[in-house]
Amino acid sequence: MAWGQNISEPCLLKTGIGCPAVSAGDEAEMGVMSTVSSGQHTRPMCYLLLLMILQLGLHTAEGVWPLPQTLISSTERFHLSPQAFYFGYGRQSAAQQGCSVLDAAFKRYFALIFPDYTSGRWNLFSDKNEKDGTLPFNVDKQFTVEVSVDHNDCDGYPNESSSERYNLSVFSGRASLKAVTVWGALRGLESFSQLVYQDDFGSYFVNKTDIKDFPRFQFRGILLDTSRHYLPVQAILKTLDAMAYSKFNVFHWHIVDDPSFPYQSRTFPDLSSKGAFHPMTHIYTQSDVRRVISHARMRGIRVLPEFDSPGHTKSWGKGQPDLLTPCYKGGIPSGTFGPINPALPSTYHFMATLFKEVSVVFPDSYIHLGGDEVDFSCWKSNPYVRAFMQKMGFGSDFTKLEAFYMENIVNITSALNKTSIVWQDVFDYHERRSSLSVVEVWREGCYLCEVRRVAKAGLRVILASPWYLDLPGPTHNWARYYTVWPLAFKGTEEQKKLVIGGEVCMWGEYVDATNLTPRLWPRASAAAERLWSDEKQTSNVDMAFPRLQDFRCKLVRRGIQAEPLYVGHCKQEYQGI
């Protein structure tokens, strides 16, 4: 093409939509690169080139969601054949074949990269690689993804300080993926899988690409509520799959609440046998919990359990006598119960025993203690609670009573080497804030004002307020979850570093397995990019829309029932019906 011969400068796109791929015969003539990185500006030549290629009807290279920190994509592309595609470990990699996390990921991503290939070939390593660990490059048209990590954390769990940084380079016959940890390698594999595309004849291609990437925030979570509606284990596992596609790394399991107690405790089996919707069908056994944790681990996702108290505990009282506060009316018990009784020593013995079990079952170093929306009316009605308050010098200030309770629970979990997270209510009424570690901001209004207050107090912050996705709403309102600026408050750099991330919340009043997936996706993916990507590169909704539309089609192709963003179609429509 004569029009491509005089183009010598790179074209720079802030949007992350690379310059389009062209036919193999044109690749040698066109030395055009597209670049995404912080602080770069769009050059007019790229738009002219993009327009000309689109007018010619040529295939454009696919993008990556969330947008990497730096992405350089060329029009040069390489054909991929599933029969000649391999994964391998670099010679210097700390992890080698036999690494459970990466070996499983290779199988999983082979199926995602080649969804039409059904031969069932799971030998993803070449024979030579199996024998001596080396990677063969002398076979015609062979393509190998070579993975190298600095640390062998194959048998561990991701944690709050795990690096997810990776570098990915794609060139002829090979892709090189380098990461500090296996968790970073997983993020790189996800990005590589999104770079692969099919032409109209079903052939697979990947463009020459260079990515340097890391998350903006360390904590990128999704909360599922399994108390208000029971979610089958399979629905949770499918959500974990979709989370990995958007590079979320924390599953906040709001496992119990007022309506039901589905967690089957080894120590207190009556909690679920009497507190679940059904003691056999609507529970999470120890085996179920292990399965969820294992599934999450293999995708680099932490599982953060929440046992919310002293409020939101009506279901607890069904299986644990004398735990909840008896409510009084006219000086006598009314037969109803309120929050957990903070005046009894037996309360803290029970909570210590329960959390000792929970700390063993859930390996993550974080645990969510709740502490929100405590109704004081029952405590106020109970003469024994009021007498306890006078004894403790709390007077009639029930926020001091709740603070006393929460401080005891925080101390219990601290003794178990767990870092506690609490909802912002605890911070708001807590005078001795030094005992707190992480505060989750969830209330509406000026939520950044609250973020600022928490950070100013020297505590870590998780932001959830703008990302409540459980309420019904049109999919096109995804932009409201995208145009969130978590650090747009007045504060020092040190204070802003205390904002460790954010969380999408899917409460269960109106959500069960029938509508969970379409209500979450692709709107949650908008929040995912805000939490992963550079804010300056991803501030434009109009630029993000076609990328999110494309990513939504990727989710559909992978069996995720993500709602459409607007009128249109996916090349491969959802096949699960």
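Even glycines carry a Cβ here, placed using N, Cα and C.
Remember, predicted model here, so these are calculated numbers, not experimental data.
Annotated features in TrEMBL:
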DOMAIN    64-195  domain 'Beta-hexosaminidase eukaryotic type N-terminal'
DISULFID  Cys99-Cys154  disulfide bond
DOMAIN    217-534  domain 'Glycoside hydrolase family 20 catalytic'
DISULFID  Cys327-Cys378  disulfide bond
ACT_SITE  Glu373  active site, proton donor
DISULFID  Cys553-Cys570  disulfide bond
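In this structure the alpha carbons, written CA, of Cys378 (disulfide bond) and Cys99 (disulfide bond) are 54 Å apart. Its Cβ placed at the centre, Cys570 (disulfide bond) has 16 other Cβ atoms within 10 Å.
If you take the C-beta of Glu373 (active site, proton donor) and look for same-chain residues 6 or more apart in sequence within under 8 angstroms, you find Gly311, His312, Asp425. A Cα-Cα distance of 52 Å separates Cys154 (disulfide bond) from Cys327 (disulfide bond).
For the domain 'Beta-hexosaminidase eukaryotic type N-terminal' (64-195), the number of residues in each DSSP class (helix H, G, I; strand E, B; coil) is 37 helix, 35 strand, 60 coil. Neighbour counts were taken at the CB atom with a 10 A radius for the disulfide-bonded residues Cys327, Cys553; the maximum falls on Cys553. For the pair Cys327 (disulfide bond) and Cys553 (disulfide bond), the Cα-Cα distance reads 53 Å. Comparing Cys553 (disulfide bond) with Cys99 (disulfide bond), their Cα atoms are 31 Å apart once rounded.
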